[in-house]
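S.K.: The structure follows.
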Amino acid sequence: NVIILQTLCNITFDLSDEGTDKTVKDDAVHLRRSIGLLPSISFIIGTVVGSGIFIAPKGVLMNSGSVGLSLLVWALCGVLSTFGALCYAELGTSFRKSGGHYTYLLETLGPLPAFLQLWIDVCILLPAVATYVSLAFGQYVVEPLFMPCVAPTALVKIVSMLGVMNCWSVTLAARTQVLLTFIKMFALILIIIPGIMALVNGKTENFRNAFDSDSLSLTKLPLAFYSGLYAYGGWFYLNFITEEVINPNRTIPLAIVFSMVTVTVFYVLINVAYYTIMTANELLMSDAVAVTFASRALQGVAPAIPVLVALSCLGTLNGGFFSSPRMLFVGAREGHLPAIFSMIHIRRQTPLPAVLCLIFQLINFASFSRWLFIALATLGMIIHRYRFPDHPRPFKVPLAVVVIFTIVCFFIVGLSLYSDPWNTGGSCALTLSGVPVYYLTVKKSYIPERWKKAFSDLFRKDVSSAEKSVCCLTTYNPLNALHFYYSKPRFHSNRNIP
């Protein structure tokens, strides 16, 4: 699959750079490159395959209107997500810095768009997604054991141990992600096999006149794509940990291509299995598609499905806990967040304060902001190609792929404004609220001196001199003190942006 996609897309590789940073001394305290190809694939598959594939089929079918068209939507969403992942593969090899969207906006469009993306992620997206998936995990894995009573809250909160693990060890978190990815792929195979076997044995009545529909509407069809893309979300998380990937010029493109092709094939097959066992009306009436499917096709192991779904959510959560704090870490390193979030544990090389920041926040989720900044990142990629044609790009995607993906992303943003103006408008307002925060905390030269004095005690001062390049923070710990090293920017960008 990797060879086929590389041939079709005319992708070019440059593997001469092994991804080491010669400007950083070996004895310096920084994020270590310890993520190889298998953990990279596991991070992508593990964060993409979460609760979406067990929730989104109902939304895709409801808005597409027919079984055949819904399967086509799933395939096209996979292709579109692969296009976006390829764009991010080029960005990840062109700018070998962690941070994902934030880094690429900073390098291509400047500091203000990057700060706004960081602002909305810290305030809305990251904590809300972590909370949503945590609750889904807790309810799926705990409630079946305590029904009809309410599950004890202490057992639901045990998922916070993932945060502790990500603070403790990068290697342990990566190995856990590999294990959870294999478990969730086993869950998908467990659903696919009985469906495909039934289809081979002649159970095809649900696919007759598959494209016939009385409820197809062009206004609803984009919503079907929206639900499908939700299930494919998470393909960009590997770019959040670029500085910890071994040989990123090779690992990132291979991991992205292999992972997205695998996920697309599995998603289409699992929907074929759903429609083989269940009619369209039965799927629409089901609140838990995977559980309904298991009760009919997997009667002997049906009770295990909720647990496997819960573990699938756990894998997504672990990937988020590992990758998202790296964006906070880079943002603090660039001076856009308090300096404490750019500190690294001396012995464990983990951004512990950034992980803790992710755990203790909660606001409602808004997908509008995520797609807006993904669109801006790929738009910035096009602009950067035009402004800096000689910039080294070890992995290069055809321009048509970038343009198509960017247009579709802006279409999704426009659709959100049209279909849900109030919630989307609120999300937009929260995003723009970061503008005054940016000028009050980062671009202090644009505000009067008397205002600077008022805010100087609330926000950290820039750390610019060599004498301030190292600082330690010690907090009480029953076992041992926690020591952190302030990591100043390791990379000096050559971007020509004011």
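Even glycines carry a Cβ here, placed using N, Cα and C.
What you see is a predicted model, and the numbers here were worked out from it, not measured in a lab.
Grabbed the feature section from TrEMBL, which reads as follows:
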- 35-56: transmembrane segment (TRANSMEM)
- 68-91: transmembrane segment (TRANSMEM)
- 112-133: transmembrane segment (TRANSMEM)
- 145-166: transmembrane segment (TRANSMEM)
- 178-201: transmembrane segment (TRANSMEM)
- 221-240: transmembrane segment (TRANSMEM)
- 252-277: transmembrane segment (TRANSMEM)
- 297-315: transmembrane segment (TRANSMEM)
- 358-383: transmembrane segment (TRANSMEM)
- 395-418: transmembrane segment (TRANSMEM)
S.K.: Between the transmembrane segment (252-277) and the stretches 68-91, 178-201, 221-240, 297-315, work out which stretch tops the count of Cβ pairs under 8 Å.
M.R.: 68-91
S.K.: Can you tell me which recorded stretch out of 35-56, 68-91, 221-240, 297-315, 395-418 has the most Cβ pairs within less than 8 Å of the transmembrane segment (178-201)?
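M.R.: If we count Cβ pairs closer than 8 Å to the transmembrane segment (178-201), 297-315 scores highest.
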S.K.: Count, for each of 35-56, 68-91, 221-240, 395-418, the Cβ pairs lying under 8 Å from the transmembrane segment (297-315), and report the range with the highest count.
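M.R.: The stretch with the most contacts is 35-56.
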S.K.: What stretch in 35-56, 221-240, 395-418 has the biggest tally of Cβ pairs under 8 Å against the transmembrane segment (68-91)?
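M.R.: That would be 221-240.
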